[in-house]
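Chemist: From Swiss-Prot, for reference:
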| type | residues | note |
| --- | --- | --- |
| BINDING | F11, V43, F44, D45, A67, V68, I69, L100 | 5-amino-6-(D-ribitylamino)uracil binding site |
| BINDING | A72, T73, R115 | (2S)-2-hydroxy-3-oxobutyl phosphate binding site |
| ACT_SITE | H75 | active site, proton donor |
Amino acid sequence: MVKLALVVAEFNYDITHLMLQKALEHAKFLGAEVTYVVKVPGVFDIPMVLKELALKEDVDAVVTLGAVIQGATKHDEIVAQQAARKILDLAVESGKPITLGIIGHGANRMQALERVEEYARRAVEAAVKLARRKKLLKEAKYGGSTVVID
């Protein structure tokens, strides 16, 4: 069973709370166990807890959930891009799957609400698939024919 940690941004909590509920439902549907749910103030703060979660033995993958709503300045673009870059850096550094379930940048509130289920489900599904496939890859041995991990 894949063990997941979920990191949820509290900014735009009317949206991220729904994302959390959908993520929990989809994890259960996929047979994954959610071992941690960590709430952080905003999307920009998500990387602050990822390294700690990635070091835990009872976490196979981490799902990030958040919504960056478009404003009058480029703030949303900067927040989303910097968070995504650091999330990817931490995933590669830790060797554990960390998936991006962050709506935005450029989304307005209505668009974000329309994307809640899709982004939450896809982030959970990607985390579960990656964790399972990493385990299969670790155990795989080349025996003269192509090894396919799917």
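Residue 1 is the first one shown; counting continues down the chain.
Glycine is no exception: its Cβ is also placed from the backbone N, Cα and C atoms.
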Chemist: Do you know which of the binding-site residues V43, V68, I69, L100 has the most other C-beta atoms within 10 angstroms of its C-beta?
Modeler: V43
Chemist: Among the recorded positions listed here (A72, T73, H75, R115), which has the Cα closest to the Cα of V43 (5-amino-6-(D-ribitylamino)uracil binding site)?
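Modeler: Of all the candidates listed, H75 is nearest in space.
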Chemist: Under a three-state reduction of DSSP output, how is V43 (5-amino-6-(D-ribitylamino)uracil binding site) classified: helix, strand, or coil?
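Modeler: Reduced to three states, the DSSP call for V43 (5-amino-6-(D-ribitylamino)uracil binding site) is helix.
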Chemist: Where A67 (5-amino-6-(D-ribitylamino)uracil binding site) and T73 ((2S)-2-hydroxy-3-oxobutyl phosphate binding site) are concerned, what is their Cα separation in Å, rounded?
Modeler: 16
Chemist: Return only the integer: C-alpha distance in Å from L100 (5-amino-6-(D-ribitylamino)uracil binding site) to A72 ((2S)-2-hydroxy-3-oxobutyl phosphate binding site).
Modeler: 24
Chemist: Going by C-alpha positions, which of the recorded positions (A72, T73, H75, R115) is nearest F44 (5-amino-6-(D-ribitylamino)uracil binding site)?
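Modeler: Going through A72, T73, H75, R115 one by one, the Cα closest to that of F44 (5-amino-6-(D-ribitylamino)uracil binding site) is H75.
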Chemist: For the recorded positions listed here, H75, R115, which shows the highest count of neighbouring CB atoms within 10 A?
Modeler: R115
Chemist: Measure from the CA atom of D45 (5-amino-6-(D-ribitylamino)uracil binding site) to the CA atom of A72 ((2S)-2-hydroxy-3-oxobutyl phosphate binding site) and give the result in Å, rounded to a whole number.
Modeler: 21
Chemist: Determine, to the nearest whole angstrom, how far the Cα atom of D45 (5-amino-6-(D-ribitylamino)uracil binding site) is from the Cα atom of R115 ((2S)-2-hydroxy-3-oxobutyl phosphate binding site).
Modeler: 21
Chemist: So which of the binding-site residues is most packed in, judged by how many other Cβ atoms lie within 10 Å of its Cβ, out of A67, A72?
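Modeler: Result of the Cβ crowding comparison: A67.
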Chemist: List the residues of the same chain that sit at least 6 positions away from F11 (5-amino-6-(D-ribitylamino)uracil binding site) in sequence and have their Cβ under 8 Å from its Cβ, in sequence order, or write 'none'.
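Modeler: Set apart from F11 (5-amino-6-(D-ribitylamino)uracil binding site) by at least 6 residues yet with Cβ under 8 Å, we have P41, G42, V43, G66, A67.
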